[in-house]
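Annotated in TrEMBL:
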type     : residues               : note
BINDING  : H214, H247, H280, H316 : heme b binding site
DOMAIN   : 56-168                 : domain 'DOMON'
DOMAIN   : 175-370                : domain 'Cytochrome b561'
SIGNAL   : 1-27                   : signal peptide
TRANSMEM : 215-233                : transmembrane segment
TRANSMEM : 245-268                : transmembrane segment
TRANSMEM : 280-299                : transmembrane segment
TRANSMEM : 319-338                : transmembrane segment
TRANSMEM : 344-364                : transmembrane segment
Amino acid sequence: MSLYSSVSFVFFTLIALLSLPLTIQQATETCSSTLPLNDLTFNSSLLQCVEAWTAQNYILRYARTVDNTWSFILSAPDSSVFIGIGFSTNGRMIGSSAVLGWLPPGGGGGQAKQYFLGGQSPGEVTPDQGDLVIVNGSLKIESVSSRLYMSFQLTAETPRQSILYAKGPAGFFPASPGFRLREHQSMTTTTINYNTGSQSVVKGSPHSKLRKTHGLMNMIGWGILIIIGAIVARHMKQWEPTWFYSHIAVQIIGFLLGLTGIIFGLILENRTNASNVSTHKALGITILVMGGLQVLALLARPDKESKYRKYWNWYHHNIGRALIILAICNIFYGIHLAKAGSSWNAGYGSAVGVLALAATGLEVRKLMNK
């Protein structure tokens, strides 16, 4: 194996390692955390607390602070989205009334409004409508230590026990004059016992399974198996011809899983009308084309004695390395777009880190044994 190939392989491996993003630590909170709000108009020591939506770190604090007056504080990570809480008579979104709040980045005050959820299309979600009796002047939202805190008071003997929580699409904020919404990127429905604070989850976002399947398929296919296949081809050639058939098998499985993941991604984009995925989509299609060319290259593989074999090797190896780097970057970018959280970053980052370190160790051993 030439020195150029070894140096090139180490170079691309180091780029893959350096592409691991620094995990962005979103401000997390639990019910044992101190409430960092000082200008409340009611006694915060009365508040009960429930970890309302664990996957998104939504915390709900509430209390019956005055006869027939209930105070609520919903907190969530400030990730440039609107947050929402809805009260339903039957556990369904349609027909419920919700309180939504947002705080655009770059200055300016936050806004919070009541919405009537008359249907699933944006035109059927009406601002400043609904049957929640909100105490005048009680509805507000603010950001403290990278978390949003939306507070309001309701006049009711007992608020509805079916509660919906929603997280808006990244980077979108309702604006005047219409204050129309776009479809949330995720939601969940729960029931709560206001006396005990116990809660049960009814269901999650209708697209959450599709989103997770899209991510996992691409992560395993393009982001793990393709890397393993490259390592097999690079370092297992002493086991002829087992390495060759293993390489082909792993790469084809990775390609098929990645293809399935991209198809799920296109379906997800169509169902959610996502407007911020154009770059992610373009990178995914580029990776798919490069993967298809790699598969087709197998059919045009010259014999070892052919004078064209060295050009084929250069093309096959470097297109493969570029594909791996693009796939790793796009997977992390997809995690960022989905606001999937640090667990996805840490999980995939650990997998890529282990593979990159293993590849580097094998490359060093190869160089030392020459």
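Cβ atoms are placed via backbone N, Cα and C, with glycine included.
As the structure is a computational prediction, the values presented were derived from the model and not from experiment.
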H280 (heme b binding site): tally of other CB atoms within 10 A of its CB: 19
For the domain 'DOMON' (56-168), residues assigned helix / strand / coil by DSSP: 4 helix, 62 strand, 47 coil
Spatial neighbours, same chain, of H214 (heme b binding site) - Cβ under 8 Å, 6+ residues apart: G261, F264, G265, L268
Maximal Cα-Cα distance (Å) across residues annotated as binding heme b, namely H214, H247, H280, H316: 28
Nonlocal neighbours by CB distance (under 8 Å) for H247 (heme b binding site), same chain, sequence gap 6 or more: G229, V232, A233, M236
Number of other Cβ atoms within 10 Å of the Cβ of H316 (heme b binding site) across all protein chains: 17
